[in-house]
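Participant: Dropping a structure here in structure tokens format, bear with me for questions.
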Amino acid sequence: MNYKIVSIPGDGIGTEVVAGAVAVLRQLEKKYGFTVEIEEHLFGGASYDVHGEMLTDATLEACKNCDAVLLGAVGGPKWENLPHEHKPEAALLKIRKELGLFANLRPAKVYDALVDASSLKADVVRGTDFVVFRELTGGIYFGQPRGYDENKGWNTMVYEKYEVERIARLAFEAARQRQGRVMSIDKANVLEVSQLWRNVVHAVHADYQDVELSDMYVDNAAMQIVRNPKQFDVIVTGNLFGDILSDISGMITGSLGMLPSASIGSKHALYEPIHGSAPDIAGQNKANPIATIASVAMMFEHSFKRTDIARDIEQAIEAALATGVRTADIAAAGDTAVSTTAMTEAIISQLK
């Protein structure tokens, strides 16, 4: 089996963490006997410095003609003062739009070795393992009309039936590979758009009777994620609610350096850590590569349909952490922090 991956390391620590992920991919090649073709392209500030644009046509075309895209991180102080349309964040929005990515997946998994790194008590977070499916292209961020004047501001929250259907199906399919439970988050007691959301999710559920479906209002969900995160398996929700809840979920794990993500469409998918480019530690071999390596696990699960390899990567991360290796962001007081390279090698050693 051959896989074609476009690697876009981006800026700051992106190059270092993607290098770690590529090293893991090379070890997986040896272990499983497949071939990975990796084509690297510039993106973000790194692309702007060379080509005068954050996202070139060549990079975009490569992303459209591969099996999956692996992104490191984009942005930094160097490019902050550019016009909005030339900023790295605008390029990220463009690539998501051009690839038709409509669902953002954010896992929240607490590794046993890191329960004390969470801001919550160990007995609350131990065993937490859920994923948030956030609709990415609809809702209040994109609804029209929108605007403001000196006296008022207005936005429109709109969802089309098909937008809800397609992300609901993704969530139900994922639940079948997990614990078989979906929690749909809305505000149907107040918002008509949430009433549509709930009706459509329940209609789709008719095709997935083997999966348990529950509903929860978003305000209660925010409380429950902090109070008892272990109760969740798959969360599916709209753009605004998902934006907020996925950040709340993320902090349960103890470090942004641990959190992978996936943005998925009907034909394409992009995988990336949720952390930024961290220019303050870039080039120092200090960054935590785990989120990027875990993003590769998501790639195998969702794009390549190899849940066995995805679980292998996740177990290797857990086993490496169990040996006591820690990068600076997850090191406890008195621990000796290891480098990006050393953490990568510790994970690879568990994959042999």
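Numbering starts at 1 and runs along the chain as displayed.
For all residues, glycine too, the Cβ spot is worked out from N, Cα and C.
Here the structure is a predicted model, which means the values were calculated and not measured.
Straight out of Swiss-Prot:
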| type | residues | note |
| --- | --- | --- |
| BINDING | 76-89, 276-288 | NAD(+) binding site |
| BINDING | ARG96, ARG106, ARG134, ASP219 | substrate binding site |
| SITE | TYR141 | site 'Important for catalysis' |
| SITE | LYS187 | site 'Important for catalysis' |
| BINDING | ASP219, ASP243, ASP247 | Mg(2+) binding site |
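Distances, neighbours, how buried they are, the whole picture for these features please.
Facilitator: In the three-state DSSP scheme, GLY76 (NAD(+) binding site) is classed as coil. Every protein chain shown contributes to the tally, and the Cβ of GLY76 (NAD(+) binding site) ends up with 21 other Cβ atoms within 10 Å.
For ASP219 (substrate binding site), the Cβ neighbour count at a 10 Å cut-off comes to 13, with all displayed protein chains included.
Listed in sequence order, ASN239, LEU240 are the same-chain residues at least 6 apart in sequence whose CB falls under 8 Å from the CB of TYR141 (site 'Important for catalysis').
For LYS187 (site 'Important for catalysis'), the number of other Cβ atoms no farther than 10 Å from its own Cβ, over all displayed protein chains, is 20.
Secondary structure at ASP219 (substrate binding site), taken from DSSP and collapsed to helix, strand or coil, is helix.
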Participant: Same-chain residues six or more away whose CB lies under 8 A from the CB of PRO88 (NAD(+) binding site)?
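Facilitator: Same-chain residues close to PRO88 (NAD(+) binding site) (Cβ under 8 Å, separated by 6 or more) are GLY10, ASP11, GLY44, GLY45, TYR48, MET54, VAL74, GLY75, GLY76, TRP79.
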Participant: Using a 10 angstroms cut-off on Cβ to Cβ distances, just flag whichever of GLU80, ASP243, ASP247 is the loneliest among these binding-site residues.
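Facilitator: Lowest Cβ count within 10 Å among the binding-site residues (GLU80, ASP243, ASP247) is GLU80.
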Participant: If H, G and I count as helix, E and B as strand, and all else as coil, what does DSSP give for ARG134 (substrate binding site)?
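Facilitator: Looking at the DSSP assignment, ARG134 (substrate binding site) belongs to a strand.
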Participant: Can you tell which of the recorded positions ARG106, LYS187, ASP243 lies nearest to GLU80 (NAD(+) binding site) in space, using Cα positions?
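Facilitator: Answer for the nearest of the recorded positions: ASP243.
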Participant: Would you mind listing, in sequence order, the residues at least six apart from ALA278 (NAD(+) binding site) in the same chain with a Cβ closer than 8 Å to its Cβ?
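Facilitator: Counting only residues 6 or more apart in sequence, the Cβ neighbours of ALA278 (NAD(+) binding site) under 8 Å are GLY12, ILE13, ALA73, ALA287.
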Participant: Given ASP243 (Mg(2+) binding site) and LYS286 (NAD(+) binding site), what distance in Å do their CA atoms have, once rounded to a whole number?
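Facilitator: Computed Cα spacing between ASP243 (Mg(2+) binding site) and LYS286 (NAD(+) binding site) is 28 Å.
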